[in-house]
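A.B. asks: My questions will all concern the structure given below.
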Amino acid sequence: MLPTETQILIVGAGPSGLAAAISLICNGVEPYDITIVDCLEKGANTSRAIGIHAATLEALDTYGCASKLVNLGIKGSAWTQTATEHVLGERLEELGVEVKRPWRVVGMKDSGECRGMDVTFESGETIRTKYVIGADGARSAVRQLSGINFADPDGKSIDDSIDDRVAQMALADVSISLSEEQSAVLASGVSLTVSDSGMFVLIPLGKPSVSELLYNSSEAVYRVGFSVPRALGEPPSKPSLEYIQSNLDQQAPFVLCSDPKLNPDPVRITKVHWSARYRTRSALADVFFKRVHGGFVFLVGDAAHVHSPAGGQMSSSIIESSDTY
């Protein structure tokens, strides 16, 4: 059940929202003064964003999260793959705060008498609060209800802010039929192919513990990503094995091709553990902090900004997920 009143309401239980709650508690806010809600019935159990930067780990180390992320992750010069939300969620429970699901914010208004604002949910229930942290993604309801503009910083329309060749992407975590020799080659690093039509990337996720934790699988798991030019239409919301295989055959190096005419040792996808389509966009909120309806609103994560993979250096806030496509 939701409380009728809270000091701080955090909307969105992704990495940004969970980390914000942990940070507040570690800096002196009492757990009972925080309520964190999410519109989804359960937390994401997929890899999604692929890397955690050193500076982020340093910040999370302050709050007792970094060591477990490092232990779970694949350590390398370029990539670290971890179950970020799982670790942050566990840490938040240790600190005494439970995420409440599923609660979708649909309204905010002044509660009157200088007592903050009333936040209304789709169910009809209301929480009175003084502070709202919007961590609810690129299509943030908190940002929209606060009247905060979200636009490309260069004045372009959001849909035109990224080159058409890389404006759409498909991503998937897959298992692949590989010989021992092929597995050894792919395990050694990232495979990246760039052409006039876009890009293709294959990343070994490596550690069995990661695939077991995320997908209950003992097989090696690889992240596959490729651009889909707008001229070819929208990719499926959850790309199928056949769709991914077709694009792998067309865009990946021939050593990863499934056609025996091109590759004497054909490589085929055997299972898709997770897949999604993405739009790369560039947008920035006018302000990250605003006094609204008698209370205060703060924006964090994708609710505050989204940008291309090049600009984000493959961080967790670079792209808008498939449920907002």
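Even glycines carry a Cβ here, placed using N, Cα and C.
Not my notes, these are from TrEMBL:
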DOMAIN    5-73  domain 'FAD-binding'
DOMAIN    80-166  domain 'FAD-binding'
DOMAIN    280-313  domain 'FAD-binding'
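Thinking about packing and proximity, how do these listed features fit into the structure?
C.D. replies: Same-chain neighbours of the domain 'FAD-binding' (280-313): 12, 14-17, 20, 51, 53, 108-112, 114-118, 129-138, 140, 142-143, 145-154, 156, 158-159, 161-162, 166-169, 319-320, counting only residues six or more beyond its ends whose CB sits under 8 Å from a CB of the stretch.
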A.B. asks: Based on DSSP, tally up the residues of the domain 'FAD-binding' (280-313) by helix, strand and coil.
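C.D. replies: Breakdown, helix to coil: 7 helix, 14 strand, 13 coil.
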